[in-house]
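**Q** Pulled these features from TrEMBL for this protein:
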type	residues	note
ACT_SITE	E107	active site, proton acceptor
BINDING	T32, G33, S34, T35, D85, G86, A87, D88, K98, G99, G100, G101, K125	substrate binding site
Amino acid sequence: MSQDNLKKAAARQAFEYVESLLENDSIVGIGTGSTANFFIKELGAIAQKIEGTVASSEESAKRLKELNIPVFDLNSVGEVFVYVDGADESNEYLQLIKGGGAALTREKIIAAAATEFLCIADESKLVSILGTFPLPVEVIPMARSYVGRQIVKLGGDPVFRENCVTDNGNHILDIFNLEILDPRKLENELNQITGLVTSGLFAKRPADRLFLGTATGVKTIES
Ligand code: 5RP
């Protein structure tokens with residue numbers, strides 16, 4: 001099965017899970033990326049059954065609106081009952097690397113605000129140690145070089161992502177050559193760097209449930 005079909009199957013399974021829990025006033029958090037896009041398509045079928053969504057990027061908001069699914073500002077909603085998003089890597093504890101699509105800051109905010117965080121991914125994303133995928137961090141533009149030097153002190157090799165401005169007007173550094181043996185510790189260390197807005201390491205708020213598309217079906221892993 002193609003990688004896209006595995007992503008689609010994971011999104012479908014997550015959709016069925018979400019649908020089974022929905023109430024009329026439910027706010028659903030929506031992630032960013034190709035796997036999240038499969039989930040958005042599924043959600044289109046039940047647009048009338050939910051209150052609406054909050055989106056982690058302008059791109060996802062646009063796709064939702066095209067399907068007539070209401071999109072709200074996070075500040076104007078109460079509980080986000082579930083957040084559904086893809087990942088670039090997940091370990092067995094559902095600690096994630098995210099931000100391949102540069103939406104990591106809004107993704108982390110909605111994940112923090114959500115009661116339940118569902119990750120949807122194809123099987124290539126499950127790893128034993130995080131860090132093969134370069135870890136994205138969002139930085140305030142004027143702090144880019146300073147943040148880069150601090151990251152070098154932590155043992156990483158930061159690379160400026162060319163032609164990328166985030167929805168928040170910031171830049172992305174992708175950190176290569178990290179073997180992330182203690183994700184929570186590294187997330188804490190990155191959080192201390194002035195000018196670094198958000199790291200794509202989701203260890204302090206991991207996913208609660210991972211729907212993993214595999215060649216033998218969708219596996220569900222709970223944290
Ligand atoms: C965007 C993300 C995505 O969830 C991540 O890059 C996975 O993308 P895809 O579903 O296309 O493989 O973190 O910032």
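Cβ atoms are placed via backbone N, Cα and C, with glycine included.
Can you tell me where each of these features sits in the structure?
**A** According to DSSP, E107 (active site, proton acceptor) is assigned to a helical segment. E107 (active site, proton acceptor) counts 31 other C-beta atoms within 10 Å of its own C-beta, drawing on all protein chains shown.
The DSSP secondary structure for K125 (substrate binding site) is helix.
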**Q** Which of these binding-site residues has the least crowded Cβ, counting other Cβ atoms within 10 Å: K98, K125?
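**A** Among the binding-site residues K98, K125, the lowest count of other Cβ atoms within 10 Å belongs to K125.
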**Q** These are the binding-site residues: T32, S34. Which one scores highest on other Cβ atoms within 10 Å?
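**A** Answer returned by the neighbour count: T32.
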**Q** Greatest CA-CA distance (Å) over the residues T32, G33, S34, T35, D85, G86, A87, D88, K98, G99, G100, G101, K125 that the record ties to substrate?
**A** 16
